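Novice: This is the structure I have questions about; it appears just below.
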Number of protein chains: 2
Amino acid sequence: MSSEQTAAENDAQKDEPFELKRKTVAAILYAVECRDRAQLAELMEPLHAADIADLLEQINTYDRARLIRLYDREFDGDILSELDESIREEVIAILNPHVLAEAVRDLESDDVVDILEDLEEPQQEAILDVLEETDRVAVEQSLSYPENSAGRLMQREVVMAPDHWSVGQVIDYMRESEDLPEQFYHVVVVDPRLRPTGNVTLGRIMGSRRDVALTDLLEETFEIFRADLDEEDVAYSFNQYHLISAPVVDEDGRIVGVITIDDAMAVLDEEHEEDILRLAGVGEESSLADKVISTTRRRFPWLAVNLVTAVLASLVIAQFEEVIAGFVALAVLMPIVASMGGNAGTQSLTVAVRALATRDLTGSNVWRVIRREALVGLVNGVIFAAVMAVVGILWFGSPALGGVIAVAMVINLVVAGLAGTVIPIILERLKIDPALASGAFVTTVTDVVGFLAFLGLAAAVLL
Amino acid sequence: MSSEQTAAENDAQKDEPFELKRKTVAAILYAVECRDRAQLAELMEPLHAADIADLLEQINTYDRARLIRLYDREFDGDILSELDESIREEVIAILNPHVLAEAVRDLESDDVVDILEDLEEPQQEAILDVLEETDRVAVEQSLSYPENSAGRLMQREVVMAPDHWSVGQVIDYMRESEDLPEQFYHVVVVDPRLRPTGNVTLGRIMGSRRDVALTDLLEETFEIFRADLDEEDVAYSFNQYHLISAPVVDEDGRIVGVITIDDAMAVLDEEHEEDILRLAGVGEESSLADKVISTTRRRFPWLAVNLVTAVLASLVIAQFEEVIAGFVALAVLMPIVASMGGNAGTQSLTVAVRALATRDLTGSNVWRVIRREALVGLVNGVIFAAVMAVVGILWFGSPALGGVIAVAMVINLVVAGLAGTVIPIILERLKIDPALASGAFVTTVTDVVGFLAFLGLAAAVLL
């Protein structure tokens, strides 16, 4: 895509920037319908690979297959990289093997790894077979690192320089190299045993005289990652220390690759997606393109857990059947107490889960945070208790009922604040993802406590 | 921080990487307690500004004030940049004005803007006053752009070159410049009217011969942002097109600054935080360091909305008081139907809100997604209906009750799937943030429909 085309595209999209236009999609589908290969190529030409991937995700399976077959020879490796895992396999199966080989050969090693790690064995083999020998070895080495590790994330193409070099030497070296990586931002300075000792930005190299020593230009902030480090820790570090690129080393501290900020940004984005979906009990669902059956299957477990929770709460209610039979207003009001507790609990829980994810909730402030949440529950509890007391009195004409619901509300909101904070912290200590499991526990607590406090007090006071 | 220190620190933290150690925090607080300035400086020295900011956020107000007063002269501008807004004002108020002036003068213009925009008028003035004339003008110009716009996000320091220059000319120019920005990754090529026409990476400049024309080295992917564009659109573009830096232009298309990926990453991170907190009804709460009162105040509105919702649901129940009085098992079972609906609705809603945020849910696939969600609700509804029918029969010995809860379950889960998708889409069209408002609407629907279907059917069948 040339710069003029992109600029023109920007102009056209001024009212609805950076989004696949419905009109573009319709025109492309029409070209597919008419089997008009030339028109299709023309419409797709100005689109970035990421936009083409989005397009493929948004249309249905039937259109997708027809579009890919018609577009075939133009199919770019970058589109595969950008595609969501859930339909990447489908697309690879449709692609002509020659086109697939061509597409994959153009990619950098880290992108090939990214594609391969989600594929089934036979498809993996098929792709490895079409790679050139050196690329294949590089990819297989990367795949030998654990899943979601720095080793999988890094690219193996590194620009490095010995620590005794000057600016002039490194410039001459770069000018003579045939195969500099497409994107790089630092020269990594290494000692004689290939252990990285610092980063120098290209900008500082360009702005310095030829005789300046590289070691005089080292960046202040410099982080090194072990290849087996979790990619989540890598992303955290990039975000926390504003890194642009960082070397990856093996267990002997020797450099084996480099991770750049765009890879870290992608990990961060995935982590966020995971957190938000797990909090809602949606599991690992990753795409709108997922089918009904796989979506149903992914959501089922959390609904099943919720059913158990709900039945537990019902068992509590069942203990008070007689009280309710004698005083039906209780049945009308009891969901209010449980619902308020559930919501207050979710608020505390979300703040705690988020703070744990960003590592802001630590041993240093855990007690202060727990105390704060309990106090917030208490203050809001008292306010809503007053409101509900009035509602109880006005609606049912019973001050006793008003008092019962008020006290139950205070109890449940304080418990919600405590449970919403303590439960995620305990799960984190037990190495269970708090985003995944906290919701069910917290709602169980607020439901049970809500019904128990309200109906129990009612039984004591009203009968 | 020198590279050796960082490496040493990495070693020390191998078991618990990239996290403020509880021991470090304790040692620092002990030094503060003893008023041991030298010891404090020594403990703080290896810490990155971002870690010092985290430390200040995690300790309490009293310790914070004492630490800042003791650390005073060493206080770095970057710490201010990294601090959470909620305590930045507090820290600025504690800092000695001379130290504050020194700290702020060291920062780049975009960081000063970032600090200033969250401050009250008098504190803003105090900081603007200590800046040098040129910096002050630059900062004031940035502040003239709308909040959360590309203009606020950009840095004004740009390295650019006319489009007729060669590699040699741009290298000579950079070597002669006194004040290259600290971090830059591209040279922006501009036409004679200062309109950007392309980016050239420093890597390509270094790898090319001196006589090569800059225009032969332009990056394939090139995006230009208007200064008044929303920062959310900027972050989306950086993420979607893997940009590293991009020029910002005024309404005449002339370059006024440049945005780099680390700024975009910070925006993306903020957006995610906002989404996750809004979904949970926590509002804009940004920090664990917030006080009880401000936290209570932020969470109150959503709890109030939830109370209205819950009362609405109670009104529905109240219509069936007589039915319940005659058949108390209904009171025991009714929360199950509502709770399952609420959870299924939250699942659909979260997927929809997330897809809207990442612009994956568009006109092209909206109907397919709605149909999928309804079908997923139907399938899960039928499964849980069967389970509940059995529970109803075994527990209460009433096949009629089992049938009623089964049918109500199917109805409510289909409605949950529909409401969870349609409501966020409608809110988005109405320009209301779906993350903020969908939850309350969806739970209202699932509560009301749940109670109405279950109790209504019960009234028809059981009486």
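Every residue, even glycine, has its Cβ placed from backbone N, Cα and C.
So TrEMBL lists the following for this protein:
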type	residues	note
DOMAIN	A:154-217	domain 'CBS'
DOMAIN	A:218-274	domain 'CBS'
TRANSMEM	A:300-318	transmembrane segment
TRANSMEM	A:324-353	transmembrane segment
TRANSMEM	A:374-397	transmembrane segment
TRANSMEM	A:403-427	transmembrane segment
TRANSMEM	A:439-462	transmembrane segment
Novice: Are there residues at least 6 beyond the ends of the transmembrane segment (A:374-397) whose Cβ is under 8 Å from a Cβ of it, and what are they?
Specialist: 329, 333, 336, 340, 344, 348, 403-407, 409-418
Novice: Determine how many residues of the domain 'CBS' (A:218-274) DSSP places in helix, in strand and in coil.
Specialist: 25 helix, 14 strand, 18 coil
Novice: Taking DSSP states H, G and I as helix and E and B as strand, how many residues of the domain 'CBS' (A:154-217) are helix, strand and coil?
Specialist: 18 helix, 17 strand, 29 coil
Novice: What stretch in A:300-318, A:403-427, A:439-462 has the biggest tally of Cβ pairs under 8 Å against the transmembrane segment (A:324-353)?
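Specialist: Ranking A:300-318, A:403-427, A:439-462 by Cβ pairs under 8 Å to the transmembrane segment (A:324-353) puts A:403-427 first.
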Novice: Sequence-remote contacts (6 or more beyond its ends) of the transmembrane segment (A:439-462), Cβ cut-off under 8 Å?
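Specialist: Answer is 279-281, 302, 305-306, 309-310, 312-313, 316-317, 319-320, 323-324, 327, 330, 333-334, 337-342, 344-346, 348-349, 398, 400-401, 403-405, 407-408, 411-412, 415-416, 419-420, 423, 427.
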Novice: Mean pLDDT across the domain 'CBS' (A:154-217), rounded to an integer, is what?
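Specialist: PLDDT averaged over the stretch: 91.
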